[in-house]
Amino acid sequence: MDFFSEYGDSSRYKIQEIVGKGSYGVVCSAIDQHTGDKVAIKKIHNIFEHLSDAARILREIKLLRLLRHPDIVEIKHIMLPPSRRDFKDIYVVFELMDTDLHQVIKANDDLTKEHHQFFLYQMLRALKYIHTANVYHRDLKPKNILANANCKLKICDFGLARVAFNDTPTTVFWTDYVATRWYRAPELCGSFFSKYSPAIDTWSIGCIFAEILTGKPLFPGKNVVHQLDLMTDLLGTPSMDAISRIRNDKARRYLSSMRRKQPVPFSEKFPNVDPLALKLLQRLLAFDPKDRPTAEEALADPYFKGLAKVEREPSCQPISKMEFEFERRKVTKDDIKELIFREILEYHPQLLKDYMNGSENTSFLYPSAVDNFRRQFAILEENGGKSGALDRKHVSLPRATTVHSTSIPPNEGLDATSQVTQRIPTARPGRTVGPVLPFENPGAADPHSARRVVRNPMVPPAAANKSGYSYNLKSDYSDRQHQEELEKDRVQYRPAQHLMDAKVAPDTAPDIRSSQYYFTRSAPRTDLTDRAALQGSMLYGIAPFNGIAAVAGGYSKVGAVQYGVSRMY
């Protein structure tokens, strides 16, 4: 299937089948061959053809990154485009869900009271989280709520959502009138320009819950007038105060001139339904928005007694105004493209770090030699070291070196000396350093700080290198003698063909090939200095972002010198 075009990491996913199509593109189910998880990959093509579509996509992927909740669909990954400047499609990887609530309602006419309660509980729990972030979904409907066979629901499609900020007006131009009218609150009927509040989502949840109870839409209006007729047939004629909140002049005049209607008892409209469920539904469908409960208040309703504990339900911190600055200023397609690229990098942390540091090398995405070597050695480690190290194909790379791991039990008869490593300098912009653990406080507890240095049986004592990265805390050398010894060892034990890494990063590239010691983790902790404690099984050097990659070790759980960017997956 020609699905990924020229995207470089497409081999990570094994496409299964097409599960959806639309004007935006196509959705396929797939297997993530790195994790074994089933995923849904949404290919959105020509995203910059229309600026409004691109802004909607940016809004959705940004909100789904910021709103992490069990009842909101999760973006697991966004594939890197082959070019920072010229990409047109994006591939968003979601967790795979079986179906949506619309299909569940249509296919099941025997949903139980427990189903009804659990479905509403999950929707309100997600809504509470969304609203505490000052986000309004604005397009809640059964098709935008995904479902699994185990009755798990997740809200999706935040393309029409908006974030409200305390210092800005909440009145916005309602550009997306094509959103489904059936689930739209009465104060929005016919309005292209409206002030909105969280109550619009509460109304939508009420309409969805009524559809779950009956199996059919509650207010399937053919137009605005018909929609208002259906609402008032059930709820009765609203008060003049409620009518005044409707911004559309024609809708307001129509309701004001309407004959008086009495509300229909919900017990007649919804027979054989739990009375507590009907009381809550009536609150959710209050015509006046100020009479509707918040999601948090609805979760505290007696209907959820024994199921929900409001104080236990998670809330979200309000979203920063800077995240949605693009909503309040005029932007070009290039601006939106750069912002979408920035969002994609959120799923590739090392590239994001380089991007934020101002590195121009973020245009180099793949496939690089660094990535290929990293992927090969990851496979070797996953296979338990059953196959040997791969042959190097570039003469500038160091030869393969085996660094023993702590899996070899130390001989109790050998001398042990507590040692720590020297602090590795912080990387400059455009360069990366492996995960060094700062050890500014020697008294702080650190599970990686205690080390036992045991004789490496693979290196003869005569070849021992007094490396600057493995100091003996009780050395008898003077500073001058010590430096002379280091220089002598460096000349003696670093052959000419292996000097490339020292030239690239002379201050940070450790020589671990001839060390007679390896670290163990069993010894008790002794005196420590304020130097950095570096985990023995994760030694990192640094090099320019697009520099030469050097990797050591062909076996499982061995130490490695890793150059370039960190693992992107």
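Note that the numbers count up from 1, one per residue, in the order the chain is shown.
Even glycines carry a Cβ here, placed using N, Cα and C.
Since this is a predicted model, take the numbers as computed values, not measurements.
The ATP site recorded in Swiss-Prot includes V19, G20, K21, G22, S23, Y24, G25, V26, V27, and the single candidate from K38, K42 that the record places there is K42.
For the ranges 401-420, 421-440, the feature annotated in Swiss-Prot as region 'Disordered' maps to 401-420. There are 17 other Cβ atoms within 10 Å of the Cβ belonging to G25 (ATP binding site). Taking the Cβ of V27 (ATP binding site) as centre and 10 Å as the limit, one finds 19 other Cβ atoms among all the protein chains shown. Cα-Cα distance from S23 (ATP binding site) to D139 (active site, proton acceptor): 18 Å (rounded to the nearest whole number).
The DSSP secondary structure for V19 (ATP binding site) is strand. The two recorded residues, G25 (ATP binding site) and D139 (active site, proton acceptor), show a Cα separation of 20 Å.
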